[in-house]
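Peer 1: Here it is: the structure, laid out below.
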Amino acid sequence: MDKVLNREESMELMDLLGLERAAWGNLPLMRKAYLRKCKEFHPDKGGDEDKMKRMNTLYKKMEQDVKVAHQPDFGAWHSSEVPTYGTEEWEAWWSSFNEKWDEDLFCHEDMFQSDEEGTADSQHSTPPKKKRKVEDPKDFPPDLHAFLSQAVFSNRTLACFAVYTTKEKGQILYKKLMEKYSVTFISRHSSHGHNILFFLTPHRHRVSAINNFCQKLCTFSFLICKGVNKEYLLYSTLSRDPYSIVEESIQGGLKEHDFNPEEPEETKQVSWKLITEYALETKCEDVFLLLGMYLEFQHNPEECRKCQKKEQPYHFKFHEKHFANATIFADSKNQKSICQQAVDTVLAKKRVDTLHMTREEMLTERFNHILDKMDIMFGATGSAVLEHYMAGVAWLHCLLPKMDTLIYDFLNCIVFNIPKRRYWLFKGPIDSGKTTLAAGLLDLCGGKALNVNLPMERLTFELGVAIDQFMVVFEDVKGSGAESKDLPSGHGINNLDSLRDYLDGSVKVNLEKKHLNKRTQIFPPGLVTMNEYPLPKTLQARFVKQIDFKPKIYLRKALNNSEFLLEKRILQSGMTLLLLLIWFRPVADFASDIQHRIVQWKERLDSEISMYTFSRMKYNICMGKCILDWAREEESETEDSGHGSSTESQSQCFSQASDTSGSADAPASQTPDPYDHDNPYHICKGFVCFKRPKTPPPK
């Protein structure tokens, strides 16, 4: 061990290892200390880089010299092997014994000449320069960078690659790559004394896979592998100066048309914008409803029955425009995502309108929407009967006195939205018409119905439904302490009493939905319906007006005899209330933007529904009859009295002349059908027949 390092180096190494100098030669202990100090001195661990380098140098030198010292022939000899002193054999043995010491003991005895002693030639001559080693290139030539992929860490797969290596390795890799990847084409090019391999593979590979394969064959030679973005441009550049083609797998090489196949048909993509526009025009906020309606557009509009009937305006008005896009949409894999984005756009548009539009403008827009719907339903292609809806107007007008004024005042309350004067209360027993009128007002203004009879912990998300709504209805609120034992108790009134900030509208409240952030806004105004439950004074003060409903037997009988009002939900429709306002209110009460449309509808109602007809409807309601029995009664009364007009007399004479019996009193089985178009006093469904009966003179 004393011959491994000199004294100064051994002492320095032991100090660096942190061991006592007496431990010199204990190789296992020194090895453990070396590994421990490597972690301590390593620069990445915050150690001293200089100490690390010095310790590595001394330790490696010590290890190398220890290996030489432990060789079998190092200083090993036996007494029997020593020849006789003075012989030639002994001289040879002594020379071999001292061979390993000659290097350490050798010194130059010749003195170097000083500058003064040097000759003139030695002072002015330049020593021969050593031949510098040519450095390996670090990248492809700069003029090729535009055609190569510069991605270093990428999982992208390609089918064209370029390899830059030495001339000797280029010859080997040319054959190895051809065998390994069954290349479609490969060529070898010379470049500044090196080789560039350009090749195409039948399958796509990562650049790292090609590089790893080539690195196995290039242990010492440099290797650069990259993917090719512009195949033909790179190949054509490598075929011209300063490059040249050495060999290639296809005679004549590649041509430009080899990289320009026939252009396939462009894959048509679904237009998300068209679907969003459709959702905005129809104001659809339901993802699955939008998905179902748009899938119906994939059928040919010329063969579509819905388009031929023209009953659904949201279908026949948009079918032809969206047919081509719906055909592509039917094959899409992300239909729900597209519809979800369209619905989100509708909600975003609604939020913007809530922020920037006045409540009067929002109500006017709602009225325009209902008027558009009325134009289609009562138009030439519509299936709705105007008399049915006017019968609903007559029924609602009999529900409460001055119904038109009541609705007008409610709309003013909703539009102005004054704090602590924003809510109405509809109170009354069962089947008194509270919910019917509340549902009609909700459909007229637009909004949501909420259930506050839930437990308080579930009420948070129920209130979140009111986000960005124009109005709300707290429907059928339950309480406790009612006089009637038939009324069940509930948490509704207590919950409403806990929502005073919501009802007042003075401060903004936090509303939240599942999977959405909280929305801070003024809670929308509205009304509350309930049975005869007692109210605390704190809650009673939140209602600006209370309307007490009472059941009316004649209204119930008329409703039971007029089933079309229930089947078509005419009484709960906002169109019925709008027709009521058009019939009773002056044009000046409406917004100026829609007054011209109100005038048109007033003229139409005057031409189709006379005051006498409307009076007969109200008379039948008061009598508990079918509301549309006025036509049948007029026919029978005209036959009995004989005071009909000339047209009526002619039709009566015509019917009598066609009667084979010739008697004046027709049997009950031959009573004219009020729905027969040949009867001048028929009830016309739609606009198939334009024969309108003349209004009989007042009796």
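Cβ coordinates are placed from backbone N, Cα and C, and glycine is handled just like the others.
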Peer 1: Check each of the ranges 105-109, 345-349, 450-454, 540-544 against Swiss-Prot and return the one annotated as motif 'LXCXE motif'.
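Peer 2: It is 105-109 that Swiss-Prot annotates as motif 'LXCXE motif'.
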Peer 1: Any idea what DSSP makes of Ser432 (ATP binding site), helix, strand or coil?
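Peer 2: DSSP assigns Ser432 (ATP binding site) to coil.
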Peer 1: Specify all same-chain residues, apart from the site residues Gly428, Pro429, Ile430, Asp431, Ser432, Gly433, Lys434, Thr435, whose Cβ lies within 8 angstroms of the center of the Cβ atoms of the ATP site, ordered by sequence.
Peer 2: Asn531, Phe549, Pro551
Peer 1: If you count Cβ atoms within 10 Å of each one, which of the binding-site residues Gly428, Pro429, Gly433 comes out on top?
Peer 2: Gly433
Peer 1: Pick out which of the binding-site residues Ser432, Thr435 has the most other Cβ atoms within 10 Å of its own Cβ.
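Peer 2: Going through Ser432, Thr435 one by one, the largest Cβ count within 10 Å is at Ser432.
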Peer 1: Restricting to the same chain and to sequence separations of six or more, state which residues have a Cβ under 8 Å from that of Lys434 (ATP binding site).
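Peer 2: In sequence order, the residues whose Cβ lies under 8 Å from that of Lys434 (ATP binding site) (at least 6 apart) are Phe426, Lys427, Gly428, Thr529, Met530, Phe549.
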Peer 1: For Ile430 (ATP binding site), list the number of other Cβ atoms lying within 10 Å of its Cβ atom.
Peer 2: 12
Peer 1: Test of understanding: give the count of other CB atoms lying within 10 angstroms of the CB of Asp431 (ATP binding site).
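Peer 2: 14, counting other Cβ atoms within 10 Å of Asp431 (ATP binding site).
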